[in-house]
Each structure stands twice: as structure tokens, then as C-alpha cells.
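Undergrad: Let me give you the structure first, and then I'll get to my questions.
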Amino acid sequence: MRGSIAGIEDGIIGTAQFRPSYHGLLLELIDYLYASLVVAPLVVCYWRGTWNLMGEYIYPSDLTTSLVVSLAIGIVGHIVFNIFQATLRQYLNADRHRIAYYLGSRLYTVIYGVVCVNGWRGGWQLIDLYTTHDVLYVVLITLGCLFILACLKGVRNVMGTPFLIINDSRREYFDVPTYFKLTGSKDPGLYVLDCMFSVLVIGSLVVFVWRGLWVLLDLKLFPEDHGTSAWASIIIGYGVTGVTFSLQPLMRWTCDRLTGFWRVVVADLFLFFSFIGTINVWRGIWQALDTYFLPDDPLLSNWITHGAALLLLILLNCSNSVLVRGVYIDAEEPAGQCVVFPVYYIRLFFQKERKKKQRRLFDALERADLNSTGGVLQDKKHHHSLQTAAQQPAQQKEQQKEAHQHHIAADQNHQVIRNLEAVPLTIIDDPKSNGDHSSQPTRK
């Protein structure tokens, strides 16, 4: 759901120095459209189907027990996956056991996805069950939770698709960042507390904020007509999404020139504006599915949206976009990168291709460099034998000139290699997350 772009270079195709090429702009636009029109609807379909299926199979005759069990599954599951992420990375290693990694990692997504949905379902509906839907009450609770999140520098954790794509990267597949960024190897006790704080405090606040705005839309946006309400949310959501993506260069320029408190404030306001778009997209698609997709056979409708969406996301290599995991800190990236949304899919493909081409050129220049060095040594040896046989000043001068030219050629090859190594390779060579963030909620 939410993601960090810390570690992403400014050398992304078409975005460096705010002077993008038309090619770069086109790739960026394709990524935005892909996130908005493909990934976001699939993630919402998965969440909607899974959410409703949990209601069908977990104590369907006793709502309170069903919600408590769902909440317990969510809390315990989140903490377990947080604590054992290093163990999963160690034993499910693609470099050692590729097939075992692929099967295990996808099973991880299937199980963790159910955990995420249960955690949100239990907390969300228990709040519904024991609190009023009075507008003023909902507004105050939502603003209070949002304020606490802002004080904890955790507003970015309300982000979700379409403002991020979590690619199924082998290096970060099992990574779940915690609030205090502790590690279990150094302080196991503190690490467990860190995991619990991340899940129970930050996670709960995010659920309250999502639920608050969602309920307000239910109360005020054509409450008597679910179909019209769904379409209104879709229009508002995609309208705000388009405006947000368009404002991104301006906001990045602004945050580049701000520091400290005001940089965080501006970033949080922009992230919250994007959140309005996110929750409307989620609510609109979710409610449209409830209204129009097999309304007379809800069980089949839920199974189709759950299974088909997850399968497609796995095939598209971004199944982790369904997971809501990890905690990210507001404005932790340098300068204006704190308002750059981690929406990279097509551009990652072009980055990989460019890296391959650069590596091939690098290898060719390295071989040319070795050949030049060998030529210099051979000429020196030949020159030495000639000096021993007879003193021929003219020939010596010529060979020294040739040796000097070989040295120049070798130096030029070295310089080209150094320049290649200095080129920023389009995007994320080692992203702090794919994010995570991943990603999602609705239920979130």
C-alpha cells in the first residue's frame, strides 16, 4: 500500500532535472495509466472478494465473533510476518532454489493477503458495530487519528493504489519495514515491540482514517442510490488522481526548496489530497462490483473477483500490491523525492534493458583496454631487444611515439568506462521498498 522511494535515483528516464524527454514523459504516462486502470481495479477486486468471503466462512451466523476472529487473524498474522521476514528471506532465496522461491513467495502473498484483509475487516466493522454514524462524530474521530498520524510522521501510510505499484522484486519480496527500523538480530525484544507498535498503533490509525472518510462518502454521496454513488466516486477518484499526478512535478520542485517542518507539512498535505482520490477510486469500484457484478449470486461474484484478480496480479508480477504491510516515515527521502509516487512498471523494463546494453558496452571496452595494454607491453619488449642489438635513435623515437599512442588509447578506454559507471541507471537500482508498499486498503 504505501511505499517509499528512498534510494531511487534522479536518473529516471525523462524526469531528471525536470527537463523530461518526450520518450520519458510517454513512459511515465503509461505507468500512471497502468497503475490507475489495471493495477488499482484488480487490487480492489481482490480486496472486495476476499473481504466478503471472510464474512461467508468465518462464523457467518455470529457477526461479533466473526469480526473478533478476523481481527485476531490480522493482528497475529501481521506480527508473525514482521518478525520472521529475515527467516523467509534466508530460506526462500531465488539464487539458491528458484522454484522453491517462486512457489513459496506466491504462497506467502496468498496467505498474507488474507491476513491483511482480515485485519482490516475485523477492525473496520467492529468500529461500525460499536460506534455511531453521526457525521460530526465521524469527522472528529477521523481528524483526531489523522492528526496523531501526522505527529508520528506517518501520513504516507494511508497511501494505496493507484498511487503505487508493488512489483514482485526478488530482493524485497519479504521485506516489512517497521516504524523504528530495528532489527531482530541485535535487539530481539525491542524488535518485537517495534513490530507490535507498527501493527497495533500505526495500522489501527490508518484503518480509522480510511473508515472515517469512507463512511462520510456513504453518508453524503447519493446515499439512496448505490449505483449513482459508485459512479460519482469513480469520477471524483480518477479526477483527483489525474490532478495529483499532474501536480507532482510542481510539488517536487516546491519540496526541493523547503526543509524541516514545512517540507513535511507540504508533503503531508499533498499525500492527503492523493488519498482523497485513492479512497474514491476504491469505494467506487468496490460499490460498482456490489451493484452490477452478479448481484443475484454474491458468493460466485466474490470468488471470481478474489481468484481472478489475484491470478492476474501474479501473472503481471505485481501481486504484492494487494498487501498492506510495513510503515514508512513522511518525507524520509531527500528533497522533492518525498512527493514522488512509487509507480514504476514499464520504466523498470526499460531500465533493465538499458542496464544490459551498458553492461555489454562496458565488457567490450574492458576487452579493448586489455588488448591495448598488451600491445604496449609487447612494443616495450621489442624496443628493448632492438636497443640491446644496436643503438638506433630514429627507430627508438618512433616506437616511443607508438607506445605513447597506445597509452593514450588505454586511458581513453578507462575514461569511457568510468563515465559509464557514473551514469544513473534510470530508476531504482536498489529501492528501499517497492513499496509497499506495496499498498492498499479499503476496506480499505
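Even glycines carry a Cβ here, placed using N, Cα and C.
According to TrEMBL, the record shows the following:
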TRANSMEM  29-49  transmembrane segment
TRANSMEM  69-88  transmembrane segment
TRANSMEM  100-120  transmembrane segment
TRANSMEM  135-155  transmembrane segment
TRANSMEM  190-210  transmembrane segment
TRANSMEM  230-248  transmembrane segment
TRANSMEM  260-283  transmembrane segment
TRANSMEM  303-324  transmembrane segment
REGION    375-414  region 'Disordered'
COMPBIAS  387-397  compositional bias 'Low complexity'
COMPBIAS  398-409  compositional bias 'Basic and acidic residues'
Undergrad: Under 8 Å for C-beta pairs, could you tell me which stretch among 135-155, 190-210, 230-248, 260-283, 303-324 has the largest tally with the transmembrane segment (69-88)?
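TA: Going through each listed stretch, the top one turns out to be 190-210.
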Undergrad: If you count Cβ pairs under 8 Å, which stretch among 230-248, 260-283, 303-324 touches the transmembrane segment (29-49) the most?
TA: 303-324
Undergrad: If contact means at least 3 Cβ pairs within less than 8 Å, sequence distance 6 or more, would you call the transmembrane segment (135-155) and the transmembrane segment (303-324) in contact?
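TA: In this chain the transmembrane segment (135-155) does not contact the transmembrane segment (303-324) - fewer than 3 Cβ pairs sit under 8 Å.
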Undergrad: Mind checking which residues of the chain, 6+ beyond the ends of the transmembrane segment (230-248), have their Cβ under 8 Å from one of its Cβ atoms?
TA: 32, 36, 162-163, 217, 221-222, 270, 273-274, 276-288, 290-291, 339-341
Undergrad: Which residues of the same chain, at least 6 past either end of the transmembrane segment (100-120), have a Cβ under 8 Å from a Cβ in it?
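TA: Cβ under 8 Å, 6 or more out: 46-47, 50-51, 54, 58, 70-71, 73-75, 77-78, 81, 88, 91-94, 168, 170, 173-174, 203, 207, 210, 310, 314, 319-320, 322-325, 440-444.
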